[in-house]
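For reference, the structure discussed in these notes is given below.
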């Protein structure tokens, strides 16, 4: 019975619980490894770090092709002919995502956070000016697509994926279905890799604490304060301001209702897609226009990614602060734009926002080896980060849909 329970837990149990167990076991191993070193002749926690390296390398391997196929599939299969007020909802989605990223920049500047990273001398070539960043950005955009995939040049990958996606919108349904199938296949591989996250987190935590000490946990706590603080500020300050702009009355009853009835469920499921039925039912109870919310809610689950933009921005700036790279405010605003674009491609993928961090890191000349370590840090704190991120993303879908619907009703009354 016990064996059956353990097997079910480790292979079919909640990912949140399994990652929590992996984190605690990694912490425990880091604490007892020094006392065992005299008996074993080596540091067991350092050896366990190999598990974390395998996990991070697997993520690095799948990330380029994942971004490439997902973006092509999403754009190629995008439906046209939506209602005119969808434009207002999409504007709110994109504006809210950008303002969330900008908020996280301000939080990161106010409370600079460093994380435990391993770097090699001479491995960095940080840009000095915004013009240099833009120059690098343009050159990366026009990279050869095969070369972009081979070198994990995510800017180039994104450019070619968008271009091919637009071109394939005029292809046959069979071709679009093939792209969908490839996208789904890679997503399944990602889900398989993510299922080993507890083992990877175990190795990452054990090695990090052995190498950097318990102080690394304090860095993660500060990182969580910046992350979750940015998300809470967005949920209860930025979003209400945007809602008030549309409906011209107290936005907080709507915000609290959506956070309570949509955000809580999303926090537990950690899936915007899984929360779509919940948001549909909530929209119905709010008596919103069915033709609008039936389109805007699924669309929001794919492009309304304020939480993901915050995650990408905060973790990227944490890496930047750790490496001692100087960042001007205009460059940080550019990062907010890039993070917002990245966030729109993070939907429907387990750990999607984390996998897109290398794209943002590339703006500052941070190599993929170090960016992959940042992804590993993201998985260590993912139990809280991913849940809060999803809660913000999903609840905002209903908030903005309701704001536009009520605004249209006010105009027509």
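Note that Cβ sites are derived from N, Cα and C of the backbone, with glycine treated the same way.
Sequence annotations record features per position, and here Swiss-Prot assigns transmembrane segment to 22-42 (among others). Within the same chain, residues 48, 197-206, 208-210, 217, 380, 383 sit at least 6 positions outside the transmembrane segment (22-42) and bring their C-beta atoms closer than 8 Å to a C-beta of that stretch.
Sequence-distant contacts of the transmembrane segment (61-81), counting only residues of its own chain at least 6 positions beyond either end whose CB sits under 8 Å from a CB of the stretch, comprise 148-149, 152, 154, 157-158, 160-162, 164-166, 168-169, 171, 175-176, 179-180, 182-183, 186-187, 189-190, 193, 302, 345, 348-349, 355-356, 358-359. The feature transmembrane segment is assigned by Swiss-Prot to 61-81 (among others).
What Swiss-Prot records for 89-109 (among others) is transmembrane segment, and it gives sequence analysis as the kind of evidence.
What Swiss-Prot records for 148-168 (among others) is transmembrane segment. Residues 60, 63-65, 67-76, 137, 140-142, 175-176, 179, 341, 345, 356, 358-359, 362, 368 of the same chain lie 6 or more positions beyond the ends of the transmembrane segment (148-168) yet place their CB under 8 Å from a CB of it.
If you look up Swiss-Prot, you'll see 189-209 (among others) marked as transmembrane segment, on the strength of sequence analysis.
The list of residues near the transmembrane segment (224-244) in space but at least 6 beyond its ends in sequence, with Cβ under 8 angstroms from a Cβ of it, reads 92, 95-96, 99-100, 103-104, 107-108, 111, 113, 250-252, 254-255, 259, 263, 306-307, 310-311, 314, 318, 381, 384-385, 388-389, 392, 395-396, 399-400, 402-403. Residues or ranges marked as transmembrane segment by Swiss-Prot: 224-244 (among others).
The annotation transmembrane segment is assigned in Swiss-Prot to 305-325 (among others) on the grounds of sequence analysis. Residues 96-101, 103-105, 107-109, 112-115, 117, 119, 124, 126, 223, 226-227, 230-231, 234, 332, 335-336, 339-340, 342-344, 346-347, 352-354, 356-357, 360-361, 363-366, 370-371, 374, 377-378, 385, 388-393, 396 of the same chain lie 6 or more positions beyond the ends of the transmembrane segment (305-325) yet place their CB under 8 Å from a CB of it.
Residues or ranges marked as transmembrane segment by Swiss-Prot: 337-357 (among others).
Among the features that Swiss-Prot reports, transmembrane segment is placed at 363-383 (among others).
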